[in-house]
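Asker: One structure, pasted below without further comment.
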Amino acid sequence: KIPCGESCVWIPCLTSVFNCKCENKVCYHD
């Protein structure tokens, strides 16, 4: 998993357009 450099504590992952998903309050992609 690669961190997308974004947290998702209060808001969803804005980087989800790059297939990033919230996991442990941090956005990751495979």
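Easy rule for this one: first residue shown is 1, then count along the chain.
From the backbone N, Cα and C atoms, a Cβ is placed for every residue, glycine too.
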Asker: Would you mind checking which of CYS20, CYS22 shares a disulfide with CYS8 in Swiss-Prot?
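Answerer: According to Swiss-Prot, the disulfide partner of CYS8 among CYS20, CYS22 is CYS22.
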Asker: In whole Å, how far is CYS13 (disulfide bond) from CYS22 (disulfide bond) when you measure between their Cα atoms?
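Answerer: About 6 Å separate the Cα atoms of these two residues.
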